[in-house]
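Let me begin by presenting the structure, written as structure tokens, before commenting on it.
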2 protein chains.
Amino acid sequence: MEIIFFGTSAGLPTKERHTQSIALKLEPYATDIWLFDVGEATQHQILHHSIKLGKVSHIFITHMHGDHVYGLPGVLTSRSFQGGEGKPLTIIGPKGIKAYIEASLTFTHVHLNYPLHIIEIDQQLDLTIDQFEVQARMLNHGVPCFGYRIQAPSTPGTLDVAKLKAIGMEPGPQYQQVKKYDTFEFEGVTYDAHQFKAPDKLGPIVAVFGDTKPCDNECILAQNADVIVHEATYIEGDKQLANDYHHSHIDDVLELITRNNVKHALLTHLSNRYTKEDVKAIDQQLKASHTASFQFVHDFDAYQF
Amino acid sequence: MEIIFFGTSAGLPTKERHTQSIALKLEPYATDIWLFDVGEATQHQILHHSIKLGKVSHIFITHMHGDHVYGLPGVLTSRSFQGGEGKPLTIIGPKGIKAYIEASLTFTHVHLNYPLHIIEIDQQLDLTIDQFEVQARMLNHGVPCFGYRIQAPSTPGTLDVAKLKAIGMEPGPQYQQVKKYDTFEFEGVTYDAHQFKAPDKLGPIVAVFGDTKPCDNECILAQNADVIVHEATYIEGDKQLANDYHHSHIDDVLELITRNNVKHALLTHLSNRYTKEDVKAIDQQLKASHTASFQFVHDFDAYQF
């Protein structure tokens, strides 16, 4: 899978960073694209990428702050003209997202040419979408704010070809039966397929966090994740101040990923108080004193996993 | 004064053109900036210009289509952090603009730190703002849509220094009295000031049109204007088709400016069906067969008058 960052700023856009938006390419598990948050001008950023709006099947909103949703009306409208016609779109987000979208589209005389389905989360959500397991859990940001944990579908384990040959089964279409099912028949004998293949391989786990100060639900979302996307609004200075503003301090994030066995963290939502040089210098300092795997991201950075 | 184009596309943004937004710098008559329409990512464009959001005192909206208003919530929010604190802002637009803004700000938990005043136009509006005469007239675009005509304040005519010297008045602070008022006193005699200066110089006139097919109100707005900003969605092809979609054909625009003695027309709102080369070629063809003064504009083009 691949994560692409269309916006990595906090609160306001800057000359270098747009406000929040992330695309998740589901390949090789599916061909759809999922978006997480849609800051203003997300559609403009997408114009400069190979991703097409028509392939976006789901949009997940973490919370109802402008830097996370002001691009939504534009994305919804333009999707009608960019391959989205007739293709359903589902939006998942906190309460208020439905009324916000309906008001934006109604007052601007928009009639979408595809079915739009909006799911508002109350406290939490567990959902299976095309075999992807999605968990939404409430974070702590002063307004209702969610993090999303996504586990890709499991894939069948590798076949033990030597063992299959030992019972006389040569490579061919029958191997698919062994791979897909719990049992298979060969020359009148029923076999336990699990004896002839490695255990199913669990799909990778990604967690995308909305803005938040540290909270217990963060651990549920981050546990053993292959990659997390987390805010890094305060990458230095007073931890208490960061938390008072319902944000995480960089120390909180590093603790989260270390405690929860996260393989890699992509740090976004950077405050405009930091220059490029600041971020680079702080990154070097942090990497000298921490073993956790992480990186600060910029607009159009991509991460495959 | 100066007009700056932040967005010149029609309907959707393209890689080269953002959706509609125009700034009017009022200098030398005033230091404020007025915006006309606020397409998505207007605030991003402004980041790349010397204009500051805090100097924007009035925003005029032509109509409630997304390519003219989706940048409004972002501009209003960011203005709080970019010099706008405590400085009143007035928004003028069609019915629905107030509810759209209130919904956008309320659902996204925004509290502006400056007074926001919203004027909804019913049929038409005549207003004086800091000695600028503003007229809004209804156009014909399928939804309520307005064009705005602005006349800058008049400036006092040049003094007839020879004549003033002839009555014994040498250049000095008293000349301001002659310039400013209808009468003045000098050495016990009251004079008619108009005998000693040229007539007041009328301020320049600019008209900014929303999308429209030709209609009578266009003439009221365009009459004797120094410059107009007009849509050019259809710069070739079938005139009837353009009008059926409630847009102007380029022939309509050229007729408008010729008939109404418009000094210069800035043509924006270009459809993404035309490449840069198309526009250049059509511009050359049109200029070969028309005497009217006009130009097709691009993002960040500026025009002084």
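Every residue, even glycine, has its Cβ placed from backbone N, Cα and C.
Predicted, not measured: the structure shown is a model, and the values here were computed from it.
The Zn(2+) 2 site recorded in TrEMBL includes A:D67, A:H68, A:H269, and the single candidate from A:D122, A:D211, A:D216 that the record places there is A:D211.
Annotated Zn(2+) 1 binding in TrEMBL involves A:H63, A:H65, A:D211 plus, out of the candidates A:H141, A:H290, A:H298, the residue A:H141.
Close to the recorded Zn(2+) 2 site, the chain also has A:A10, A:G11, A:T19, A:Q20, A:D37, A:G39, A:T62, A:H63, A:H65, A:G210, A:E231: residues not among A:D67, A:H68, A:D211, A:H269 whose Cβ is within 8 Å of the site's Cβ mean position.
Recorded residues A:H141 (Zn(2+) 1 binding site) and A:D67 (active site, proton acceptor) have their alpha carbons 14 Å apart, per Cα-Cα distance.
Under 8 angstroms separates the C-beta of A:H65 from a C-beta of chain B, among the binding-site residues A:H63, A:H65, A:H141, A:D211, A:H269. For the Zn(2+) 1 site, the Cβ centre of A:H63, A:H65, A:H141, A:D211 serves as reference, and the other residues of the chain with Cβ at most 8 Å from it are A:T62, A:M64, A:H68, A:L139, A:G142, A:V143, A:C145, A:G210, A:T212, A:H246. A straight line from the CA of A:D211 (Zn(2+) 1 binding site) to the CA of A:H269 (Zn(2+) 2 binding site) spans 8 Å. Counting in whole angstrom, A:D67 (active site, proton acceptor) lies 10 from A:H269 (Zn(2+) 2 binding site) by their C-alpha atoms. Counting every protein chain shown, 26 other Cβ atoms lie within 10 Å of the Cβ of A:H269 (Zn(2+) 2 binding site).
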